[in-house]
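Q: Just dropping this structure here.
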Amino acid sequence: MFTASRNRAPRPRRSPTPSGGAPPRRDSSAPPSRSPSPSSPGSKPLYLCSPFADAALVKGNFKTIVMLPKYCDIMEWVAVNIFDFYTNLNEFYGVIAERCTQHTCPTMSAGPSLNYVWTHQGGKQAMLPAPTYIDYVMTSIQNLIDDENVFPTKSSTFTLMSKSQTSLIDHPGPTDQAFHPSFPATVRTIYRQLLRVFAHIYHAHYPQILHLRSEPHFNSLFAHFLAFGREYELLEVRDIKGEPNAPVGVGLLWERWKEKGILEG
Ligand SMILES: [Zn+2]
């Protein structure tokens, strides 16, 4: 899962092959997991408790994993990583999806006082059940990934690049003609939406992640996602932490991982 390997074959819709390390399937002999139980206000959610909060497949700091490899175009690097994050998160959500219904999750919750609102094309806003919201997110991202004008795969864009170029904005662009100028804005939108899916799973479905014993895998995927997002300025601190009156639950996980040196400050 930590290798960037964008699938260049025609991509299956909504059921992409994981690039490695699929989460374990539900063990049918195991007792049924508890129903989603978002923490009551005041109590600490499980994902912030030891040992779960620090369980990981990857030890140490994520900085080296997100660094732009030599000779790799920054746009291509961002594209392949987003494809991998999307694919892996889609796999995780697929495993827990039967527990994320209109009844268990009538809103796209991500904290005790935070429900994300979906904005339709044209600007109309709607409070959607989490499974509907997540379906809209994943379908729209799949459509963008499938769009050659947004995620070009036909011409190789691997070129000699200065290793110091780590900002999408500063990228001068003679080698990235295959990528549309709006690509940085598009990937920021994708990234924010993926963060919301992570945030909902942590907030509402962590017991199921624990039940599958997938917390080291899921934590590492999320820490990698956060490290990459901050390195390439795809996420604002505000996206991760939310507003003071409506904090994102996983904002505290981000703080904890920074304190532990897992993520950069
Ligand atoms: Zn849910």
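Backbone N, Cα and C atoms are what each Cβ position is placed from, and that goes for glycine too.
In TrEMBL, annotation is done automatically, which means it is predicted and not curated.
Pulled these from TrEMBL:
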- CYS100, CYS105, HIS200, HIS205: Zn(2+) binding site (BINDING)
- 16-32: compositional bias 'Low complexity' (COMPBIAS)
- 1-43: region 'Disordered' (REGION)
Q: Fewest other CB within 10 angstroms, which one of the binding-site residues CYS100, CYS105?
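A: Taking CYS100, CYS105 as the binding-site residues, the minimal 10 Å Cβ count falls on CYS100.
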Q: Just name the most isolated of the binding-site residues HIS200, HIS205, going by other Cβ atoms within 10 Å of its Cβ.
A: HIS205
Q: With DSSP assignments reduced to helix, strand and coil, which class does HIS205 (Zn(2+) binding site) get?
A: helix
Q: Could you tell me which three-state DSSP class HIS200 (Zn(2+) binding site) falls into?
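A: HIS200 (Zn(2+) binding site) sits in a helix per DSSP.
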